[in-house]
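First the structure, in the form of structure tokens, and then the observations on it.
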Amino acid sequence: MAPRRGPAPGPPPGRRAGWQRAAAGMAAARGRVLCLFDVDGTLTPARQKIEPEVDRFLQELRGRVQIGVVGGSDYSKIAEQLGEGDEVISKFDYVFAENGTVQYKNGRLVSKQAIQDHLGEELLQDLINFCLNYMALLKLPKKRGTFIEFRNGMLNISPIGRSCTPEERIEFSELDKKERIREKFVAALQREFAGKGLRFSRGGMISFDVFPEGWDKRYCLNVLDDERFDTIHFFGNETTPVSAPHTPHGCCFPSPGLAARGTAAAGGRHRPLVVHEGEMLSRGSCRNSSLRHCAASGSSTFPILSLLTPPMAQKRC
């Protein structure tokens, strides 16, 4: 009978302690930095599934920093694009749906706001009726269904209707660029509801959002300000002003709610918020990006990144 072997010897105590200190340091570094991504146009094409390569890359990145997504769509649409079922809340440390008015952290629902409670039924019905009347007079090459989508934190208004096909979506988008259909619609709403505390943001290809003032993508800071990150990096495809002063499209940093020189004051601390603007991450850009290098090195300083090809315009807000 062969002699029984004991357990394999472990590392020497000194080396084991070193490994433990290194692991603790990496965990601490991960907890100090958040990478927050827009969804449509950044992680995926509009309303499309995430590419496997990008999915793997984000999970690799998650081993070094915390990651989150913030989108204007409702939770079910974000979950459909970024995984199967409810995978998204296990793949990301933070999920902010509907501009952050629906908030998940570590797989659990943190809070959810209701636009009807904030605006009141009278203003809400006036808004819906105005939109329906305006769209009834629009003559477009095609109209489909779901012209107003009622969400927790906003109304999403689509002149063509959200049930259009991908081909019809592209057709409307090209027409909208020429005839400024959504721009004119938003201008009419701004005139009609001036002083009512509403904001309007054109997003994606076929629609725009209507929400209470302050309920844009800055809203997620209500949760993140308590998390005490050293730095929050936001990645979005567009950050240009649309319909309200200091309210960029895609990401709403910078904003009036942030302190000067790219910092947000919370709990007596100043936290840099760095905005990276560029093209869609899913265009093969994660193969050779400096973000991958930073993830591999475990850097806790997380320098300004050149993530996309061509390099992104980088903004400190």
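Any Cβ shown, glycine's included, is placed from N, Cα and C.
What TrEMBL says about this one:
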- D38: active site, nucleophile (ACT_SITE)
- D38, D40, N237: Mg(2+) binding site (BINDING)
- D40: active site, proton donor/acceptor (ACT_SITE)
- R47, R151, R162, R169, M205, S207, D209: alpha-D-mannose 1-phosphate binding site (BINDING)
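The 10 Å shell around the Cβ of R162 (alpha-D-mannose 1-phosphate binding site) contains 19 further Cβ atoms across the protein chains shown.
Long-range neighbours of R151 (alpha-D-mannose 1-phosphate binding site) (same chain, six or more residues apart, CB within less than 8 Å of its CB): D74, E98, I115. Checking the recorded positions (D38, D40, N237) against R47 (alpha-D-mannose 1-phosphate binding site) with a 10 Å Cα-Cα cut-off leaves D40. Closest to N237 (Mg(2+) binding site) by Cα-Cα distance, out of the binding-site residues R162, R169, M205, S207, D209, is M205. Taken residue by residue with DSSP, R47 (alpha-D-mannose 1-phosphate binding site) is part of neither helix nor strand, so it is coil. Listed in sequence order, A46, R169, I170, F172, S173, D176 are the same-chain residues at least 6 apart in sequence whose CB falls under 8 Å from the CB of M205 (alpha-D-mannose 1-phosphate binding site). Between the CA atoms of S207 (alpha-D-mannose 1-phosphate binding site) and D40 (Mg(2+) binding site) there is a gap of 13 Å.
Across the structure, D209 (alpha-D-mannose 1-phosphate binding site) and D40 (Mg(2+) binding site) place their CA atoms 14 angstrom apart. In the three-state DSSP classification, R151 (alpha-D-mannose 1-phosphate binding site) falls within coil. Across the structure, D38 (active site, nucleophile) and R162 (alpha-D-mannose 1-phosphate binding site) place their CA atoms 20 angstrom apart. Around D40 (Mg(2+) binding site), the C-beta neighbours below 8 angstroms that are at least 6 residues distant in the chain are A46, R47, G71, G72, S73, Q81, G203, G204. The secondary structure of D40 (Mg(2+) binding site), as reduced to three states from DSSP, is extended strand.
Mapped onto three states, the DSSP output places N237 (Mg(2+) binding site) in coil. Just so you know, of the binding-site residues S207, N237, the Cβ with the fewest other Cβ atoms around it within 10 Å is the one at N237.
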